[in-house]
Structure formats: C-alpha cells, structure tokens
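Have a look at the structure below before the remarks.
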Amino acid sequence: MYYGFDVGGTKIEFGAFNEKLERVATERVPTPTEDYQLLLDTIAGLVKKYDNEFSCEGKIGLGLPGMEDADDGTMLVVNVPASTGKPLRKDLEALIGRSVKIENDANCFALSEAWDDELKDEPSVAGLILGTGFGGGLVYEGKVFSGRNHVAGELGHMRLPLDAWFHLGDNAPLLGCGCGKKGCLDSYLSGRGFELIYEHYFGEKKKAIEIIQAYNEGESKAAEHVDRFMELLAICFANLFTGLDPHVVALGGGLSNFELIYEEMPKRIPKYLLSVAKCPKIIKAKHGDSGGVRGAAFLNIK
C-alpha cells in the first residue's frame, strides 16, 4: 500500500493507493502550521489509522510547498512555518518506525502525471504549473529528478531569457519575486504574472479570467496582451525545453485551462529551438487537485 500526504498551508490531504495504483482511501485534516509536534503526531496518527485499516505497513511519501536541505535534512516550507528549520523526514521516521520520502509538491504533481496510464511508458515527463506561481517538476524513467540540492524542478526561479526581454520591448516590466530577486519566470509565466503584465502595459488591474473573457469577446487590448503573453510563454518554454528535452509536458494550474495555449505553443515554440529539436507534446494535466497526493504516494514506486 502506498500512502501519500499533500501537506499545504491549510490542510493535509491523505490518500492510500493499492498495488494497482488505485485510490482506496481519502482523508483531509487541518494542517498544524505552528505546532511542530502536533504536525508530526497528525501525520503519524493517519499512518497508524490506515495501517490498522488495511492490516499493513504502508509506504509513506510527503509532498510540501518547499524543500529539504540536501545536507542536513532541515526543511524550508513558507506555508508551514512549524516545519521550517526542522528535520521533518528524520523525525517522522523515528516516530513511525519506517522510511519516509519527501518532495516538493510541484515534483509530486509531475510524478502523478508521469504515472498516468497514458504517460507511464514515456521516458521523461515535465510537469509545469501555471498557477498563482510558476514552477515545475522533472520525471525521468518514472522517478523524480531533484538534483544535488533538491532544486532541479525550481524552474520558476530561472530568469527571463534574452529573447524574452527583446520581445517585451524597451518598456519591459522588471518584476520582483518572493525569492528576493528580479526577473524570475515565476513572476511572468504565472496567472499572477499574466495579470501584472497586462497592468504594466495598459494601466488597469484585471483578473486573468476577465482578460481571457475579453479576449474571447474580441476586445483589442486583451488580444494584444494575449498575443504578447503567448509569445513570451513560447520563448521561455523553448528555453526550458532546450535544457530539459522532455518527451511530454503536462500543464497544471489555473492558467492551464486557457485552451489557446495548446493551439499556440506547438506553432510558436519551434522557431526558438535548435534546428534538430522538435517541440514536445504539450497536454493539460489530468489529475488536477489530486495530483499532489498521488505523486507523494508514488514517490515509493520502485
């Protein structure tokens, strides 16, 4: 049995999956964001409950909006401050008495998609999230590739490529990022970035859904903005694809529901790739909000 925990700033979602990777149990509980011992006890309590229910010792995986220090095992999780600076994995292993795997939630999203029936035979899958922020995860041969420092999928903190600056023109917005730097992809390719770029060029604050609705109604400013954003997205995706060369790319997050992306990217990306390279297949993620808990559980698939 595979146990997955999607640990967020408000709730912990638990899922149990059998050997056929079918979900057989679900539970949601509030996240103890400020009390570390209560956080440990909450996770351990769910493990014990479902061990008893299924008469087994499930394999445990956690996905969190943060990362584990590769050297000392301490966590950096902004939305769950109780765990920041603490060796969460080691403490859980000591409390539960078995191995625990921890990954960034974007990597779990990518892993969930990579183990979908239609993608599980693909050698490599990139999962890219166009949500409140922009991030991603890399899966090679069915396993998350997180790198030496566990930051291999932190694509949102790569900077805009030169072609993107030229495309945005002399009046290009220099947007700050929560990491403290400027020019991160997170600030441009996210739903938030979609809105900020519109505001920069037109001096109006609008929600992404309002801009897209205006585009669908043929409004000229929205059309100009969407064309600018699609080209920006193509440039940045091509830059990422040149380095990662994934076989398939699955898009998640709110902005991934903008169907025009799937029409425009295959047409716009190729001119920014090497002449021998082809644009990978780009699809909408299938598993939505359940991707985090699925991917966390699947961290233990051999």
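Using the three backbone atoms N, Cα and C, a Cβ is placed for every residue, glycine included.
Of all the Cβ atoms in the protein chains shown, 27 others lie within 10 Å of the Cβ of Asp6 (ATP binding site). Here Swiss-Prot flags 4-11, 133-140 as ATP binding site.
The annotation Zn(2+) binding site is assigned in Swiss-Prot to His157, Cys177, Cys179, Cys184. Less than 8 angstroms from the CB of Cys179 (Zn(2+) binding site) sit His157, Asp186, each of them six or more residues away in the same chain.
Geometry remark: Gly4 (ATP binding site) versus Cys184 (Zn(2+) binding site), CA distance 30 Å. Summary: among the binding-site residues (Val139, Cys177, Cys184), the fewest other C-beta atoms within 10 A of the C-beta are counted at Cys177. What surrounds the Zn(2+) site, by Cβ distance within 8 Å of the Cβ centroid and not counting His157, Cys177, Cys179, Cys184, is the set Gly156, Gly178, Gly180, Lys181, Leu185, Asp186, Ser187 from the same chain. Considering only the binding-site residues Gly133, Gly135, Gly137, the Cβ with the fewest other Cβ atoms within 10 Å is that of Gly133. Comparing Cα positions, Cys184 (Zn(2+) binding site) lies closest to Gly133 out of the binding-site residues Asp6, Gly8, Gly133, Gly137, Val139.
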